[in-house]
Structures are given as C-alpha cells and as structure tokens.
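Visitor: Supplied in structure tokens, the structure appears directly below.
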C-alpha cells in the first residue's frame, strides 16, 4: 500500500447497512493481516443499521466529512462512483475497492486492487476474501456481514440475491448464532418503521446520485411495511424533493417506497426529466407517482433502465 | 452471464504478449468451468508473442475488428480503457474484466465481475484464479502465462514485478518444463530484434492511447537489445510520428525504446504538448529526445507522471 499512516475504509454517502458493515468487516480482515486501517462512515447510520450494530455489540464507526488530512490512502467498499464518495476523494490514493455495483465516474492514476462481483452484497465478497486468506470470521463480524446481506437482498428476496449470497447468509447466521429469518425480519422491520421519521430524513437516508449521459439523477429508496405510511405524506414529500432538485440542479429525482412484505414498490418522480422515468418503465405518472410491480432493487431494476433511457437522449 | 451465445475474451488493441496469452489462458479456465467462450485478438501479434505461441504449440487467436454481431457479452483482459478496446465496445455487455492497470474511461450500466490487482501481469491473476477454482494448469497454458509474465516484467526486472509475479513465473516454468531465464531471454530477444522491422511497425506494434485531463496522449514502447538500432532511424521515426499526431489529433506522442539488457529507456517526444513530457520527468529534450534512466515500465513509471502533469494543466 502506498502512502504513509493509517488507511481509511468506508462505504458510500448516506450509508446503508452494507456500507457500514462491510467497512467494519473488511477493516477486521485487513487488521488481521497486519494492515493499519480504520473503518469510518460518510454519514448518519440508519435505524436498521443501528439495530444490527446493537445486535452484535459493535460501536458505530467514526464519522468523517473529509478524508484529506486523515489519510493518504483509502479503501472504498460498496461504491466506486465519485459523487457517492468522500467530497475530496480525488485528492487521496484509492488503494482498493471492494464493491458489487456498476463502475462509473471512477478513475485512478495508477493500478489498484479492485474486486467487484455481481452479487447481492459487498459482504458476500468480503466473506469470500476471509476464506481465501484462511482467516476465520468472529461471531460479531459474522453478524454484521449477515445484516448487510439481509439488508441488500431484502432477506434473500431481491432479484439481486445470488445463490452465493444465500449460502453466505446461512453460513454467517450459523457463525453469529442467530436464526436467519427471525433476525432478518426483526432487522428489516426496525429499518422500515417510517412513521417516526421526518420527510427530510426519508428523502435523504438512502439516496444516491448518478450521472447518466450528463444528466443528474438522484434515486432515494425507503423500505416500509405499509407504503401508505409514506404516501399519505406525499405533498410534504414533493415539497422536500423540489427543494433538493433546485439545490442540486437535478434532472430527475425518483423517490421509491418498497414494500418489504410484498416485494413491490411505488415511485414518486419529479424534475424536468420525469418523463424519462415513464419511458424507462413504460408507466404513466398519475399525481407524480406510479407503481413498480415486482421492483425492489435500485441497482439491478431501476438504475440500468434509467441509464439506458438517458443514453438514448 | 447475461446475453446469449458465446462470450469473446480479448486484450487491448496492439496486443502484447500478456493480452494474447492471458486471453488464451482465461478462455481455457472459463471453458473448463463450462462457459462457452473464445479468445480473440484486436490486432497483429508481435514477434515476441509469436515466439511464445510457437514455443507452446498454440495457434494464434482469431482476429476480430468489431465485436457487435459476434457476441452480446465480452470479457476484457489486460485493459479496461475504452479507447484501447474494441471499436464498438460500448454496444456490448462487459461481463468481466481481469486486469492489472489503472481504471479510466470505463463505465458499465450494470454490475459486473471486475478483478484488478496491482501486479506485473494479468496472467499472475489468472493463475490465482485457477488455484481458487482448484483447476490444474496444463503445461502449454502454463507456458503461455509464463511468457506473459516475462514480457510484462522484462524477465522479473521491471519495477512493476511483485513477489507474486516472480513466484508465479517460477511455478509456471516448472509446469511448462522450461528454464525460466534461458527461455525468458530467448523470448525477449525474439521480440527485441528491431532491425528487421519497418518504422511503421515500430510506432504501432505496442502503442496505447490515453486521455489525460482532456489531452490525447499516445505512448508507444519497443524493446531493443541495442537502442541505437532504432535511434539511427530517428528522422524516419519522427516523420511517422508526426503523421499519427496529425491523423489522431494527439497532444503528445511519446516513443520509448527500452534497453532490455540494461533496463534503461530513451524517449522521443513530439506534439504540441511535448513540454509536458519534459515537466513530468524533469528532463530537457535535445533533438526531440531524452534518456529515461532506470525507466522500463510504461504503466508504473511513465503514465502516472504524465497523468499528474496533465492534471496540473
């Protein structure tokens, strides 16, 4: 690893459970091979992530706003796109990336270790790396990685879930000493309690920005047990979305509410290119919203369709 | 793997020995795990590569100019930058990348398998993947991978050579049944016989184009036992370089002759931004050329310095 001193490991802005837990797990793995590393985070932890940290008696990683001055070398987990990373990511050396997303808006000056696999969760890749290095996973770390897989795959029900993710989840549940389905539903319900959250929290807690053929697209997603808990506040939601569209100069802001029990979603689409959403999913917006039947995955069901539509102009 | 039919596997344009041999080796590995793949090439094979193919009784892969119509899915080895790949790479799905270079000008719509490691040769990573899958390497394939490592590391002498590359080379030489150093020098000498090559061949046989902060930079490299074999033809060389600069609109064209016995290079720099080369290496061009003492690696010694200089405007 180039540069001096400690290497920071972190996931994307608005961190989800995989970003927090895979950073903690990969930091554990690196530390056990002698590296000087620290897992940190780029934003507030969600209710769901806090539930997982509490369940496995793990402290929340330290919050950092900027990485320059903290470290000359960093490791990215669960993301690679610059606009999802630390604000000054361009000023440090990215030594490694462990990820399971598309690659975009990412560039380095020199060679690096990059490990991406088209699986449901970064933690599934991290578990494979523990095995490749012949290092056993401690029970609390197994619990965190399990939580990440459950979160990213909606308890193995998302189309992004591969057989490798499912096998990893069962294996990690055994190491962590929990029942996969009972723990998983408890964790998802903890994160899906939207009634106690403000609209400001809902639009920002799991929101990612994408550059699509020059257009600025933001897609926020929240899980809910009852989507009407959220949609009953649509007027207030739209007002908050319009503020963000104005502040960031977005072309499209998509807010997706996913029903974790029935694996469907409803989307609210605003912005000058809202019609691109209609074209991408062959739906018509009514009252600025449309159902997305069977859609639960931003990464594999929403982003590719939008990317394709925007690439067609 | 998405899409139908056969998946093509190929290295970069102006393929070097690693691009040809790691494509052949990775195609062998994929085929042995049941995938329908074919290793192909995007350009003529060099004298060095032909020596390696002959040594291990392997046919040259099929030449393709375009990949659309051939396949809907491709696997890139030994490169990722779009301008180094198939002309219509943007119209197919990149299912996997196995590489050891920086990542730049690369973007996908969806998740993929991406495996990059900062080692000296793609074949070193492919050998690791054989081991991870528990598949033994057949002697001819071992010979091809060995040739790739020798080529990329100048027989383990380049600063890009890691302990992992060296260990892989010794292991592969044993499997292939050749003496590493004797075979390596024979192969490098076969590729370094520049006297029989036309200037047109020399400027194109191992040339790569890079986008550096918006500037178009091309860097060609040839190995030689005696660099004067090449430099005695400098007037003709510059004429060919100026033609290419004009045709491609390059900002800088760097032609690097590397002395394989003494591990030094001499560079000829032309183009409107030739002064960027002087700034990057703290050298002064005399008669459009300058010595680069101890420099043998385009990837780790030339491209990073140029990238940094161009990023500073």
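Note: Cβ is positioned from N, Cα and C throughout, glycine not excepted.
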Visitor: Given that TrEMBL assigns B:78, B:100, B:152 to the Mn(2+) 2 site, pick the one from B:18, B:28, B:206 that the record assigns to that site as well.
Guide: B:18
Visitor: Taking every protein chain in this structure into account, which of the binding-site residues B:12, B:100 has the most other Cβ atoms within 10 Å of its Cβ?
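Guide: The most densely surrounded of these binding-site residues is B:100.
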Visitor: Would you kindly give the Cα-Cα distance separating residue B:152 (Mn(2+) 2 binding site) and residue B:78 (Mn(2+) 1 binding site), rounded to the nearest Å?
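Guide: Checking the Cα atoms of residue B:78 (Mn(2+) 1 binding site) and residue B:152 (Mn(2+) 2 binding site) gives a distance of 11 Å.
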Visitor: Provide, as an integer number of angstrom, the distance between the C-alpha atoms of residue B:12 (Mn(2+) 1 binding site) and residue B:18 (Mn(2+) 2 binding site).
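Guide: Rounded to a whole number, the Cα-Cα distance is 10 Å.
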Visitor: Go through the binding-site residues B:12, B:16, B:18, B:100 one by one and keep only those whose Cβ is less than 8 Å from a Cβ of chain A; report them in sequence order, or 'none'.
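Guide: Of B:12, B:16, B:18, B:100, the entries that lie near chain A are B:100.
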Visitor: Tally every other Cβ atom lying within 10 Å of the Cβ atom of residue B:16 (Mn(2+) 1 binding site).
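Guide: So the number of other Cβ atoms within 10 Å of residue B:16 (Mn(2+) 1 binding site) is 24.
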Visitor: What other residues of this chain sit with their CB within 8 A of the center of the CB atoms of B:12, B:16, B:78, the recorded Mn(2+) 1 site?
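Guide: Sorted by sequence, the hits are B:11, B:14, B:15, B:18, B:19, B:20, B:77, B:79, B:84, B:122.
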Visitor: Does residue B:18 (Mn(2+) 2 binding site) have same-chain partners at least 6 apart in sequence with Cβ under 8 Å from its own Cβ, and which are they?
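Guide: Sequence-distant Cβ neighbours: B:11, B:78, B:121, B:122, B:123, B:148, B:149, B:151, B:152.
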